[in-house]
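Novice: Below are the features listed in Swiss-Prot for this protein:
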| type | residues | note |
| --- | --- | --- |
| TOPO_DOM | 1-74 | topological domain 'Cytoplasmic' |
| MOD_RES | SER6 | phosphoserine |
| MOD_RES | THR11 | phosphothreonine |
| MOD_RES | SER25 | phosphoserine |
| MOD_RES | SER28 | phosphoserine |
| MOD_RES | SER49 | phosphoserine |
| MOD_RES | SER52 | phosphoserine |
| MOD_RES | THR54 | phosphothreonine |
| MOD_RES | SER56 | phosphoserine |
| TRANSMEM | 75-97 | transmembrane segment |
| TOPO_DOM | 98-112 | topological domain 'Extracellular' |
| TRANSMEM | 113-133 | transmembrane segment |
| TOPO_DOM | 134-147 | topological domain 'Cytoplasmic' |
| TRANSMEM | 148-168 | transmembrane segment |
| TOPO_DOM | 169-188 | topological domain 'Extracellular' |
| TRANSMEM | 189-211 | transmembrane segment |
| TOPO_DOM | 212-216 | topological domain 'Cytoplasmic' |
| TRANSMEM | 217-237 | transmembrane segment |
| TOPO_DOM | 238-275 | topological domain 'Extracellular' |
| DISULFID | CYS245-CYS264 | disulfide bond |
| CARBOHYD | ASN251 | N-linked glycosylation site |
| CARBOHYD | ASN257 | N-linked glycosylation site |
| TRANSMEM | 276-296 | transmembrane segment |
| TOPO_DOM | 297-312 | topological domain 'Cytoplasmic' |
| TRANSMEM | 313-333 | transmembrane segment |
| TOPO_DOM | 334-350 | topological domain 'Extracellular' |
| TRANSMEM | 351-371 | transmembrane segment |
| TOPO_DOM | 372-393 | topological domain 'Cytoplasmic' |
| TRANSMEM | 394-414 | transmembrane segment |
| TRANSMEM | 417-437 | transmembrane segment |
| TOPO_DOM | 438-452 | topological domain 'Cytoplasmic' |
| TRANSMEM | 453-473 | transmembrane segment |
| TOPO_DOM | 474-487 | topological domain 'Extracellular' |
Amino acid sequence: MMHFKSGLELTELQNMTVPEDDNISNDSNDFTEVENGQINSKFISDRESRRSLTNSHLEKKKCDEYIPGTTSLGMSVFNLSNAIMGSGILGLAFALANTGILLFLVLLTSVTLLSIYSINLLLICSKETGCMVYEKLGEQVFGTTGKFVIFGATSLQNTGAMLSYLFIVKNELPSAIKFLMGKEETFSAWYVDGRVLVVIVTFGIILPLCLLKNLGYLGYTSGFSLSCMVFFLIVVIYKKFQIPCIVPELNSTISANSTNADTCTPKYVTLNSKTVYALPTIAFAFVCHPSVLPIYSELKDRSQKKMQMVSNISFFAMFVMYFLTAIFGYLTFYDNVQSDLLHKYQGKDDILILTVRLAVIVAVILTVPVLFFTVRSSLFELAKKTKFNLCRHTVVTCILLVVINLLVISIPSMKDIFGVVGVTSANMLIFILPSSLYLKITDQDGDKGTQRIWAALFLGLGVLFSLVSIPLVIYDWACSSSSDEGH
């Protein structure tokens, strides 16, 4: 994906200047619903999030505290697309293989539309409270508990993304090194062991970058990451017409024709023990919510309607890209596809695959520090240790990287990362938090009865998603072995 949702989250959430009186839109459309200069909301009382809408106050804010956005609609679409795109794209073909084409299309379409709706709820909450940062919005509505919950959800999502990126390094770097050495894929040595390589990369490259006081150019790696994934999509489509369907070895009781027909025929609806990972993987692929409000705050002539248009365009573009990657990846390998689609492409003399593999590896290595910076900053914020201290900065960085490496080494498959993060933090950020915030903010508004019913149903859907998916994922772990994918 690659998601690289990271660049925006970090540069915007951590380095963006947010005015004390959170943003007053310079688009007059934001104030058409207001009469007599007031909003009937108990959340307006706090000065840090208040928007007094009298003309004189608006003029004052423009002069001293209000900072208008400067980013065009097109660039905002690009930024939000960067925020959506991540490593989840590598797992979508596996999700399709375990649901079938029709069921996958229904799930992908549903999550896309529901994600757009959740962003609409988030924008309404931002407009009502004036908050332009997700964590501050949670604190404004639910107090310290809300702040902690949102910090926890975003940190878990970013940690899951880091795990998936380092898992890509663990999976793909050995193949790239073997190719450059002219060795077969079966070649074995300590210097092509993914577990060793991920530790070397982490402490040789990622650690020094994570120790930097600020990100600098790393905040702009998301554009490179998105380019890498567009390149990956092109290669996936191209390889579909180059790689023949792989037929497993036959035993004496099965004929070649029947096996080939069964293996190389697309399935439209499939249900098995791995189907449970489909929805969490798709949800993981669409999480971008912590970046929405910072992008909104930077949008030129911003309004809720304009930001919703940015959201609609970005999600539609990612929907097309995700579906193409999933369908062409599936039609190349059918039931043999793995949860890391890129790892399935092997070829001793295939320069094109080597190129895309190296591009993705470089992209994820440069993206991990961006996500790491956000997680570490969140921890320091929660601990109220925001003043820079080199010793604490170094110790916390090393401890977090050691823990992350231990998890990456022990995790058998990328689907496990998608499954856990998808049913927990992704579900919280897409379904539960936006609907909960909206219901709390509008609990005194009798004019929004219908909208509140839809938001309540949306919240119930998120809770149901958790209650069903979490036990099924745990059950699959208990019943399955990592040998299912040959890792």
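Backbone N, Cα and C atoms are what each Cβ position is placed from, and that goes for glycine too.
A quick note: this is a predicted structure, and the numbers were derived from the prediction, not measured.
I'd like these features described in context: how deep, what's nearby, how far apart.
Specialist: Mean model confidence of the topological domain 'Extracellular' (98-112) amounts to 96 (pLDDT, 0 to 100 scale).
Counting same-chain residues at least six beyond the ends of the transmembrane segment (148-168), those with a Cβ under 8 angstroms from any Cβ of the stretch are 2-3, 5-6, 9, 86-88, 90, 134-135, 137-138, 142, 198, 201-202, 284, 287, 290, 340, 342, 360-361, 364-365, 367-368, 371-372, 374-375, 378-379, 381-382, 404-405, 407-408, 411, 414, 417-418, 420-421, 424-426, 428-429, 433.
Residues 194-195, 197-198, 201, 340, 342-343, 346, 348, 354, 357-358, 360-361, 364-365, 408-409, 414 of the same chain sit 6 or more residues outside the topological domain 'Extracellular' (169-188) yet have a Cβ under 8 Å from a Cβ within it.
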Novice: For the transmembrane segment (113-133), which partner among 75-97, 189-211, 276-296, 351-371, 394-414 gives the most CB pairs under 8 Å?
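Specialist: Against the transmembrane segment (113-133), the leading stretch is 276-296.
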Novice: Would you kindly check 189-211, 276-296, 313-333 and say which stretch has the most C-beta pairs under 8 angstroms to the transmembrane segment (453-473)?
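Specialist: Comparing 189-211, 276-296, 313-333: 276-296 has the most Cβ pairs near the transmembrane segment (453-473).
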Novice: At a Cβ cut-off of 8 Å, and with pairs 6 or more apart in sequence only, do we get at least 3 pairs between the transmembrane segment (394-414) and the transmembrane segment (313-333), yes or no?
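Specialist: Taking Cβ pairs at least 6 residues apart, the transmembrane segment (313-333) and the transmembrane segment (394-414) are not in contact, as fewer than 3 fall under 8 Å.
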Novice: Below 8 angstroms Cβ to Cβ, which residues of this chain, lying six or more residues outside the transmembrane segment (313-333), approach it?
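Specialist: Non-local partners: 77, 80-81, 84-85, 89, 92-93, 95-97, 101, 104-105, 108-109, 112, 115-116, 229-230, 232-233, 236-237, 239-240, 243, 246, 266, 282, 285-286, 288, 341, 344.
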Novice: What is the number of other Cβ atoms found within 10 Å of the Cβ of CYS245 (disulfide bond)?
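Specialist: Excluding its own Cβ, CYS245 (disulfide bond) sees 13 Cβ atoms within 10 Å.
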Novice: Going along the chain, which residues at least six beyond the ends of the topological domain 'Extracellular' (334-350) come within the CB cut-off of under 8 Å?
Specialist: 90-94, 96-97, 167-168, 171-172, 175, 179, 182, 184-185, 232, 235-236, 239, 245-246, 248, 263-266, 277, 325, 356-357, 360, 413-415, 418, 485-486
